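Each remark here refers to the structure printed beneath this line.
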Amino acid sequence: MATDEESPLVAELQPQPLNHKRDVYLLCWAFLLVFLAYGAVQNLESTMNTEGDLGTISLGILYVSFAVFSLVASMVVKKLGSKNALVLGTTGYWLFIAANLKPSWFTMVPASLYLGFAASIIWVGQGTYLTSTANSHANENNLHEGTVIGKFNGVFWGMFACHQLVGNLITLALLRDEGGTTSGTTLLLIVFLISMTLGTILMCFLSKRNGKEERLEGSVDTFSSSVGSLVTSMLNLLLDIRILLIIPLIAYSGLQQAFVWAEYTKEIVNPVLGEQGVGGAMAIYGVFDAISSLAAGRLTSDLSSITLIVSGGVFIQLIVLLWLLLNYSVTGGLLGTLLPLLIGALWGIGDGVLNTQLSALLGILFKHDLEGAFAQLKLWQSASIAVVFFISTSISFQAMLIIMLVALCISVAGFLFLTLNVEKAFARRAS
(Lines of atoms letter the chains of each structure in order from A; the text may use other names.)
(Lines give C-alpha, C1' and ligand atoms only; values in the text may rest on other atoms or scores of the structure.)
Protein backbone atom coordinates (compact mmCIF):
# COMPACT_ATOMS: atom_id res chain seq x y z
CA MET A 1 0.00 0.00 0.00
CA ALA A 2 2.79 2.38 0.87
CA THR A 3 4.46 1.54 -2.41
CA ASP A 4 1.32 2.56 -4.31
CA GLU A 5 1.15 5.87 -2.48
CA GLU A 6 4.81 6.68 -3.07
CA SER A 7 4.93 5.84 -6.78
CA PRO A 8 3.22 9.06 -7.95
CA LEU A 9 5.76 11.06 -5.93
CA VAL A 10 8.64 9.16 -7.52
CA ALA A 11 7.18 9.84 -10.97
CA GLU A 12 6.97 13.55 -10.20
CA LEU A 13 10.69 13.60 -9.38
CA GLN A 14 11.68 12.20 -12.77
CA PRO A 15 13.39 14.86 -14.92
CA GLN A 16 11.27 16.15 -17.75
CA PRO A 17 12.68 15.56 -21.24
CA LEU A 18 14.15 18.68 -22.81
CA ASN A 19 12.35 20.25 -25.74
CA HIS A 20 15.33 20.74 -28.03
CA LYS A 21 13.48 22.44 -30.87
CA ARG A 22 11.94 24.91 -28.44
CA ASP A 23 15.41 25.83 -27.19
CA VAL A 24 16.68 26.35 -30.74
CA TYR A 25 13.86 28.74 -31.57
CA LEU A 26 14.24 30.58 -28.24
CA LEU A 27 17.94 31.01 -29.01
CA CYS A 28 17.14 32.24 -32.52
CA TRP A 29 14.63 34.85 -31.37
CA ALA A 30 16.88 36.03 -28.53
CA PHE A 31 19.83 36.57 -30.89
CA LEU A 32 17.58 38.28 -33.45
CA LEU A 33 16.33 40.77 -30.83
CA VAL A 34 19.85 41.48 -29.57
CA PHE A 35 21.62 41.72 -32.91
CA LEU A 36 19.02 43.63 -34.92
CA ALA A 37 19.95 46.42 -32.51
CA TYR A 38 23.70 45.91 -32.44
CA GLY A 39 24.02 45.27 -36.18
CA ALA A 40 22.19 48.47 -37.10
CA VAL A 41 24.25 50.55 -34.63
CA GLN A 42 27.46 49.01 -35.96
CA ASN A 43 26.45 50.04 -39.49
CA LEU A 44 25.86 53.61 -38.25
CA GLU A 45 28.84 53.84 -35.91
CA SER A 46 31.24 55.53 -38.33
CA THR A 47 28.62 58.14 -39.30
CA MET A 48 27.12 58.75 -35.83
CA ASN A 49 30.44 59.32 -34.04
CA THR A 50 32.67 61.08 -36.54
CA GLU A 51 34.68 63.34 -34.23
CA GLY A 52 38.21 61.97 -34.12
CA ASP A 53 36.97 58.84 -35.92
CA LEU A 54 35.54 57.76 -32.56
CA GLY A 55 33.08 55.33 -34.14
CA THR A 56 35.57 53.55 -36.38
CA ILE A 57 38.28 53.38 -33.71
CA SER A 58 35.74 52.06 -31.18
CA LEU A 59 34.90 49.20 -33.53
CA GLY A 60 38.57 48.46 -34.05
CA ILE A 61 39.14 48.37 -30.27
CA LEU A 62 36.08 46.15 -29.90
CA TYR A 63 37.34 43.49 -32.29
CA VAL A 64 40.88 43.53 -30.88
CA SER A 65 39.34 42.99 -27.43
CA PHE A 66 37.12 40.27 -28.92
CA ALA A 67 40.18 38.46 -30.30
CA VAL A 68 42.13 38.72 -27.01
CA PHE A 69 39.27 37.53 -24.81
CA SER A 70 38.56 34.66 -27.21
CA LEU A 71 41.75 33.12 -25.79
CA VAL A 72 40.02 32.62 -22.43
CA ALA A 73 36.39 32.41 -23.58
CA SER A 74 36.30 28.61 -23.61
CA MET A 75 37.41 28.50 -19.95
CA VAL A 76 34.79 31.10 -18.95
CA VAL A 77 32.01 29.23 -20.78
CA LYS A 78 33.05 25.92 -19.19
CA LYS A 79 32.97 27.58 -15.77
CA LEU A 80 29.66 29.40 -16.22
CA GLY A 81 27.88 26.91 -18.44
CA SER A 82 26.74 27.90 -21.93
CA LYS A 83 23.34 29.29 -20.86
CA ASN A 84 24.81 31.57 -18.18
CA ALA A 85 27.48 32.70 -20.64
CA LEU A 86 24.79 33.62 -23.16
CA VAL A 87 22.87 35.72 -20.63
CA LEU A 88 26.01 37.46 -19.34
CA GLY A 89 27.19 38.12 -22.89
CA THR A 90 24.14 40.22 -23.72
CA THR A 91 25.12 42.80 -21.09
CA GLY A 92 28.09 43.93 -23.19
CA TYR A 93 25.87 44.69 -26.19
CA TRP A 94 23.41 46.56 -23.97
CA LEU A 95 26.14 48.75 -22.47
CA PHE A 96 27.64 49.47 -25.91
CA ILE A 97 24.29 50.76 -27.21
CA ALA A 98 23.79 52.77 -24.01
CA ALA A 99 27.26 54.33 -24.41
CA ASN A 100 26.18 55.70 -27.79
CA LEU A 101 23.58 57.85 -26.00
CA LYS A 102 26.52 59.87 -24.58
CA PRO A 103 29.38 59.10 -26.97
CA SER A 104 32.86 60.12 -25.84
CA TRP A 105 36.24 58.49 -25.44
CA PHE A 106 35.39 57.91 -21.75
CA THR A 107 32.19 55.98 -22.55
CA MET A 108 32.87 54.29 -25.91
CA VAL A 109 36.34 52.87 -25.24
CA PRO A 110 35.44 51.07 -21.96
CA ALA A 111 32.17 49.88 -23.51
CA SER A 112 34.06 48.54 -26.55
CA LEU A 113 36.59 46.73 -24.37
CA TYR A 114 33.85 45.11 -22.28
CA LEU A 115 31.85 44.20 -25.37
CA GLY A 116 34.91 42.35 -26.68
CA PHE A 117 34.77 40.14 -23.58
CA ALA A 118 30.98 39.76 -23.75
CA ALA A 119 31.04 38.93 -27.47
CA SER A 120 33.68 36.23 -26.96
CA ILE A 121 31.62 34.35 -24.38
CA ILE A 122 28.24 34.82 -26.05
CA TRP A 123 29.49 33.37 -29.33
CA VAL A 124 31.40 30.48 -27.76
CA GLY A 125 28.30 29.86 -25.65
CA GLN A 126 26.08 29.97 -28.75
CA GLY A 127 28.16 27.46 -30.68
CA THR A 128 28.45 25.13 -27.69
CA TYR A 129 24.76 25.35 -26.76
CA LEU A 130 23.43 24.89 -30.30
CA THR A 131 25.72 21.93 -31.08
CA SER A 132 24.97 20.28 -27.72
CA THR A 133 21.25 20.70 -28.39
CA ALA A 134 21.60 19.18 -31.87
CA ASN A 135 23.58 16.20 -30.57
CA SER A 136 21.02 15.54 -27.81
CA HIS A 137 18.12 15.77 -30.27
CA ALA A 138 19.86 13.39 -32.68
CA ASN A 139 20.73 10.84 -29.99
CA GLU A 140 17.26 10.83 -28.42
CA ASN A 141 15.51 10.43 -31.78
CA ASN A 142 18.02 8.11 -33.49
CA LEU A 143 18.84 10.70 -36.16
CA HIS A 144 22.09 11.36 -38.02
CA GLU A 145 24.08 13.87 -35.95
CA GLY A 146 25.57 15.70 -38.94
CA THR A 147 22.15 16.23 -40.49
CA VAL A 148 20.66 17.61 -37.26
CA ILE A 149 23.67 19.87 -36.63
CA GLY A 150 23.36 21.24 -40.17
CA LYS A 151 19.60 21.75 -39.87
CA PHE A 152 19.80 23.50 -36.48
CA ASN A 153 22.64 25.73 -37.70
CA GLY A 154 20.64 26.56 -40.82
CA VAL A 155 17.64 27.62 -38.75
CA PHE A 156 19.80 29.69 -36.37
CA TRP A 157 21.88 31.46 -39.01
CA GLY A 158 18.85 32.00 -41.23
CA MET A 159 17.00 33.82 -38.46
CA PHE A 160 20.16 35.57 -37.32
CA ALA A 161 20.76 36.98 -40.81
CA CYS A 162 17.33 38.61 -40.64
CA HIS A 163 18.75 41.06 -38.09
CA GLN A 164 20.22 43.06 -40.97
CA LEU A 165 16.79 43.38 -42.61
CA VAL A 166 14.79 44.15 -39.46
CA GLY A 167 17.39 46.42 -37.84
CA ASN A 168 17.94 48.48 -40.98
CA LEU A 169 14.20 48.86 -41.61
CA ILE A 170 13.70 50.14 -38.05
CA THR A 171 16.61 52.54 -38.54
CA LEU A 172 15.20 53.76 -41.85
CA ALA A 173 11.73 54.32 -40.38
CA LEU A 174 12.78 56.15 -37.22
CA LEU A 175 15.54 58.31 -38.69
CA ARG A 176 13.37 59.26 -41.67
CA ASP A 177 10.49 60.31 -39.40
CA GLU A 178 12.82 62.39 -37.25
CA GLY A 179 14.82 63.77 -40.16
CA GLY A 180 18.07 62.22 -38.89
CA THR A 181 18.18 64.61 -35.90
CA THR A 182 19.80 63.94 -32.55
CA SER A 183 16.35 63.25 -31.05
CA GLY A 184 15.73 60.69 -33.80
CA THR A 185 19.01 58.92 -33.04
CA THR A 186 18.23 58.94 -29.31
CA LEU A 187 14.79 57.42 -29.93
CA LEU A 188 16.37 54.76 -32.16
CA LEU A 189 18.90 53.80 -29.48
CA ILE A 190 16.17 53.57 -26.80
CA VAL A 191 14.10 51.28 -29.05
CA PHE A 192 17.20 49.13 -29.57
CA LEU A 193 17.85 48.95 -25.81
CA ILE A 194 14.29 47.69 -25.31
CA SER A 195 14.80 45.08 -28.02
CA MET A 196 18.03 43.89 -26.39
CA THR A 197 16.34 43.65 -23.00
CA LEU A 198 13.63 41.42 -24.47
CA GLY A 199 16.32 39.22 -26.04
CA THR A 200 18.09 38.83 -22.70
CA ILE A 201 14.82 37.86 -21.00
CA LEU A 202 14.21 35.18 -23.66
CA MET A 203 17.66 33.68 -23.01
CA CYS A 204 16.71 33.21 -19.36
CA PHE A 205 14.07 30.68 -20.48
CA LEU A 206 16.60 28.40 -22.23
CA SER A 207 16.87 24.90 -20.76
CA LYS A 208 19.92 23.97 -18.71
CA ARG A 209 22.00 21.27 -20.34
CA ASN A 210 24.15 18.40 -19.02
CA GLY A 211 24.11 19.84 -15.51
CA LYS A 212 26.71 22.45 -16.47
CA GLU A 213 24.30 25.37 -16.25
CA GLU A 214 23.51 24.70 -12.59
CA ARG A 215 26.88 25.85 -11.35
CA LEU A 216 28.98 28.93 -11.35
CA GLU A 217 31.73 26.40 -10.59
CA GLY A 218 32.29 26.19 -6.90
CA SER A 219 34.52 23.16 -7.28
CA VAL A 220 37.91 22.65 -5.69
CA ASP A 221 39.70 23.57 -8.90
CA THR A 222 42.06 26.42 -8.31
CA PHE A 223 42.55 29.32 -10.67
CA SER A 224 46.01 28.10 -11.60
CA SER A 225 44.73 24.63 -12.49
CA SER A 226 41.99 26.21 -14.62
CA VAL A 227 44.53 28.30 -16.48
CA GLY A 228 46.73 25.23 -16.92
CA SER A 229 43.78 23.29 -18.30
CA LEU A 230 43.02 26.15 -20.69
CA VAL A 231 46.59 26.30 -21.99
CA THR A 232 46.65 22.53 -22.46
CA SER A 233 43.34 22.59 -24.30
CA MET A 234 44.47 25.38 -26.61
CA LEU A 235 47.79 23.70 -27.36
CA ASN A 236 46.07 20.38 -28.05
CA LEU A 237 43.76 22.08 -30.53
CA LEU A 238 46.53 24.05 -32.21
CA LEU A 239 48.57 20.85 -32.56
CA ASP A 240 45.60 19.23 -34.31
CA ILE A 241 46.20 19.42 -38.07
CA ARG A 242 42.46 19.71 -38.65
CA ILE A 243 42.07 23.04 -36.83
CA LEU A 244 45.22 24.36 -38.49
CA LEU A 245 43.71 23.65 -41.91
CA ILE A 246 40.38 25.26 -40.92
CA ILE A 247 41.90 28.46 -39.45
CA PRO A 248 42.54 30.12 -42.88
CA LEU A 249 38.87 29.63 -43.82
CA ILE A 250 37.79 30.97 -40.42
CA ALA A 251 39.99 34.04 -40.93
CA TYR A 252 38.60 34.55 -44.43
CA SER A 253 35.04 34.37 -43.09
CA GLY A 254 35.92 37.29 -40.79
CA LEU A 255 37.55 39.21 -43.65
CA GLN A 256 34.51 38.87 -45.88
CA GLN A 257 32.17 40.05 -43.10
CA ALA A 258 34.32 43.11 -42.40
CA PHE A 259 34.56 43.75 -46.14
CA VAL A 260 30.80 44.39 -46.16
CA TRP A 261 30.91 46.82 -43.23
CA ALA A 262 34.12 48.66 -44.16
CA GLU A 263 34.33 48.53 -47.98
CA TYR A 264 31.06 47.48 -49.61
CA THR A 265 28.98 50.27 -48.11
CA LYS A 266 31.67 52.92 -48.66
CA GLU A 267 33.08 51.99 -52.08
CA ILE A 268 30.15 50.30 -53.84
CA VAL A 269 26.85 51.47 -52.32
CA ASN A 270 27.56 55.06 -51.28
CA PRO A 271 28.85 56.34 -54.67
CA VAL A 272 25.68 55.13 -56.41
CA LEU A 273 22.88 55.16 -53.85
CA GLY A 274 24.22 57.66 -51.30
CA GLU A 275 24.18 57.27 -47.52
CA GLN A 276 20.40 56.89 -47.54
CA GLY A 277 20.79 53.76 -49.69
CA VAL A 278 23.08 51.93 -47.27
CA GLY A 279 20.20 50.64 -45.14
CA GLY A 280 18.34 49.25 -48.15
CA ALA A 281 21.46 47.60 -49.58
CA MET A 282 22.27 45.98 -46.22
CA ALA A 283 18.67 44.79 -45.97
CA ILE A 284 19.03 43.03 -49.36
CA TYR A 285 22.31 41.53 -48.15
CA GLY A 286 20.55 40.29 -45.00
CA VAL A 287 17.63 38.72 -46.90
CA PHE A 288 19.90 36.67 -49.16
CA ASP A 289 22.14 35.80 -46.21
CA ALA A 290 19.08 34.40 -44.40
CA ILE A 291 17.84 32.43 -47.42
CA SER A 292 21.32 31.02 -48.02
CA SER A 293 21.71 30.02 -44.36
CA LEU A 294 18.40 28.16 -44.30
CA ALA A 295 19.07 26.39 -47.59
CA ALA A 296 22.66 25.46 -46.69
CA GLY A 297 21.57 24.13 -43.31
CA ARG A 298 18.88 21.97 -44.89
CA LEU A 299 21.36 20.47 -47.34
CA THR A 300 24.04 19.68 -44.74
CA SER A 301 24.42 16.05 -43.70
CA ASP A 302 28.11 15.13 -43.56
CA LEU A 303 31.59 16.27 -44.58
CA SER A 304 30.90 15.59 -48.27
CA SER A 305 27.89 17.92 -48.30
CA ILE A 306 29.82 20.57 -46.34
CA THR A 307 32.62 20.40 -48.92
CA LEU A 308 30.23 20.92 -51.83
CA ILE A 309 28.27 23.72 -50.15
CA VAL A 310 31.37 25.65 -49.04
CA SER A 311 32.89 25.28 -52.51
CA GLY A 312 29.74 26.77 -54.06
CA GLY A 313 29.62 29.68 -51.62
CA VAL A 314 33.25 30.70 -51.98
CA PHE A 315 33.03 30.33 -55.78
CA ILE A 316 30.27 32.95 -55.79
CA GLN A 317 32.42 35.32 -53.73
CA LEU A 318 35.41 34.60 -55.99
CA ILE A 319 33.38 35.69 -59.03
CA VAL A 320 32.32 38.89 -57.24
CA LEU A 321 35.91 39.73 -56.23
CA LEU A 322 37.23 39.17 -59.77
CA TRP A 323 34.38 41.27 -61.18
CA LEU A 324 35.13 44.15 -58.79
CA LEU A 325 38.86 43.95 -59.46
CA LEU A 326 38.81 43.61 -63.25
CA ASN A 327 35.62 44.96 -64.73
CA TYR A 328 33.43 46.88 -62.27
CA SER A 329 32.74 50.57 -62.77
CA VAL A 330 30.15 52.97 -61.39
CA THR A 331 27.45 53.63 -63.98
CA GLY A 332 24.18 55.54 -64.02
CA GLY A 333 20.64 54.50 -64.84
CA LEU A 334 18.62 51.56 -63.60
CA LEU A 335 21.42 49.05 -64.19
CA GLY A 336 23.88 51.16 -62.20
CA THR A 337 21.39 51.27 -59.32
CA LEU A 338 20.79 47.52 -59.36
CA LEU A 339 24.43 46.41 -59.53
CA PRO A 340 25.33 47.32 -55.90
CA LEU A 341 22.22 45.47 -54.74
CA LEU A 342 23.15 42.42 -56.83
CA ILE A 343 26.65 42.42 -55.34
CA GLY A 344 25.17 42.60 -51.84
CA ALA A 345 22.83 39.70 -52.59
CA LEU A 346 25.64 37.50 -53.94
CA TRP A 347 27.91 38.35 -51.03
CA GLY A 348 25.11 37.53 -48.59
CA ILE A 349 24.77 34.06 -50.14
CA GLY A 350 28.47 33.40 -49.52
CA ASP A 351 28.27 34.69 -45.94
CA GLY A 352 25.30 32.46 -45.17
CA VAL A 353 27.17 29.43 -46.48
CA LEU A 354 30.30 30.15 -44.43
CA ASN A 355 28.38 30.80 -41.19
CA THR A 356 26.36 27.59 -41.30
CA GLN A 357 29.06 25.30 -42.64
CA LEU A 358 31.89 26.41 -40.35
CA SER A 359 29.66 25.87 -37.30
CA ALA A 360 28.54 22.47 -38.59
CA LEU A 361 32.11 21.46 -39.47
CA LEU A 362 33.45 22.31 -36.00
CA GLY A 363 30.48 20.59 -34.37
CA ILE A 364 31.18 17.39 -36.30
CA LEU A 365 34.97 17.30 -35.99
CA PHE A 366 35.47 18.56 -32.41
CA LYS A 367 32.70 17.00 -30.31
CA HIS A 368 35.20 16.42 -27.47
CA ASP A 369 35.95 20.16 -27.04
CA LEU A 370 33.15 22.29 -28.44
CA GLU A 371 34.02 25.31 -26.26
CA GLY A 372 37.63 25.27 -27.45
CA ALA A 373 36.68 24.81 -31.11
CA PHE A 374 34.20 27.70 -31.11
CA ALA A 375 36.68 29.87 -29.20
CA GLN A 376 39.14 29.29 -32.05
CA LEU A 377 36.38 30.25 -34.52
CA LYS A 378 35.76 33.59 -32.83
CA LEU A 379 39.44 34.26 -32.12
CA TRP A 380 40.47 34.14 -35.77
CA GLN A 381 37.28 35.75 -37.08
CA SER A 382 37.50 38.73 -34.75
CA ALA A 383 41.24 39.15 -35.33
CA SER A 384 40.75 39.34 -39.10
CA ILE A 385 37.81 41.74 -38.69
CA ALA A 386 39.97 44.02 -36.52
CA VAL A 387 42.71 43.97 -39.16
CA VAL A 388 40.27 45.16 -41.82
CA PHE A 389 39.00 48.03 -39.67
CA PHE A 390 42.53 49.25 -38.96
CA ILE A 391 44.01 48.89 -42.47
CA SER A 392 41.00 49.85 -44.61
CA THR A 393 41.67 53.58 -44.16
CA SER A 394 45.30 53.30 -45.29
CA ILE A 395 45.14 51.02 -48.35
CA SER A 396 43.25 51.31 -51.64
CA PHE A 397 40.07 49.43 -52.53
CA GLN A 398 42.00 47.46 -55.18
CA ALA A 399 44.64 46.42 -52.63
CA MET A 400 41.88 45.19 -50.31
CA LEU A 401 40.39 43.13 -53.14
CA ILE A 402 43.76 41.50 -53.84
CA ILE A 403 44.17 40.66 -50.14
CA MET A 404 40.69 39.10 -50.16
CA LEU A 405 41.47 37.03 -53.26
CA VAL A 406 44.74 35.69 -51.83
CA ALA A 407 43.06 34.86 -48.50
CA LEU A 408 40.20 33.09 -50.28
CA CYS A 409 42.54 30.92 -52.37
CA ILE A 410 44.69 29.91 -49.39
CA SER A 411 41.65 29.14 -47.22
CA VAL A 412 39.93 27.00 -49.86
CA ALA A 413 43.12 25.02 -50.52
CA GLY A 414 43.48 24.20 -46.81
CA PHE A 415 39.79 23.38 -46.43
CA LEU A 416 39.68 21.01 -49.42
CA PHE A 417 42.84 19.24 -48.26
CA LEU A 418 41.23 18.74 -44.86
CA THR A 419 37.81 17.50 -45.97
CA LEU A 420 39.08 15.19 -48.71
CA ASN A 421 41.63 13.57 -46.38
CA VAL A 422 39.21 13.24 -43.49
CA GLU A 423 36.66 11.67 -45.85
CA LYS A 424 39.26 9.12 -46.97
CA ALA A 425 40.06 8.29 -43.35
CA PHE A 426 36.36 7.76 -42.59
CA ALA A 427 35.95 5.58 -45.66
CA ARG A 428 38.92 3.38 -44.69
CA ARG A 429 37.63 3.09 -41.13
CA ALA A 430 34.16 2.05 -42.32
CA SER A 431 35.50 -0.60 -44.75
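Using the three backbone atoms N, Cα and C, a Cβ is placed for every residue, glycine included.
As recorded in TrEMBL:
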| type | residues | note |
| --- | --- | --- |
| TRANSMEM | 24-42 | transmembrane segment |
| TRANSMEM | 54-77 | transmembrane segment |
| TRANSMEM | 84-101 | transmembrane segment |
| TRANSMEM | 113-131 | transmembrane segment |
| TRANSMEM | 152-175 | transmembrane segment |
| TRANSMEM | 187-206 | transmembrane segment |
| TRANSMEM | 243-262 | transmembrane segment |
| TRANSMEM | 306-326 | transmembrane segment |
| TRANSMEM | 338-365 | transmembrane segment |
| TRANSMEM | 401-422 | transmembrane segment |
Long-range environment of the transmembrane segment (243-262) - Cβ separation under 8 angstroms, sequence gap at least 6: 42-43, 237, 282, 285, 310, 317, 344, 347, 350-351, 354-355, 358, 361-362, 366, 373, 376-377, 380-385, 387-389, 392, 400, 403-404, 407-408, 410-412, 414-415, 417-418
Are the transmembrane segment (338-365) and the transmembrane segment (152-175) close enough to be called in contact, which here means at least 3 C-beta pairs under 8 A that are separated by 6 or more residues? yes
Count the Cβ pairs between the transmembrane segment (113-131) and the transmembrane segment (54-77) that lie under 8 angstroms and are 6 or more residues apart in sequence, then report whether there are at least 3. yes
Counting Cβ pairs under 8 Å that are 6 or more apart in sequence, does the total for the transmembrane segment (24-42) and the transmembrane segment (84-101) reach three or more? yes
Out of 54-77, 84-101, 152-175, 306-326, which stretch touches the transmembrane segment (187-206) the most, going by CB pairs under 8 Å? 84-101
Near the transmembrane segment (152-175), which residues from the same chain, at least 6 beyond its ends, have a CB less than 8 A from one of its CBs? 24-25, 27-29, 31-32, 35-37, 39-40, 43-44, 126, 130, 133-134, 137, 184-185, 187-188, 191-192, 279-280, 282-283, 285-287, 289-298, 300, 348, 351-352, 355-356, 359-360, 363
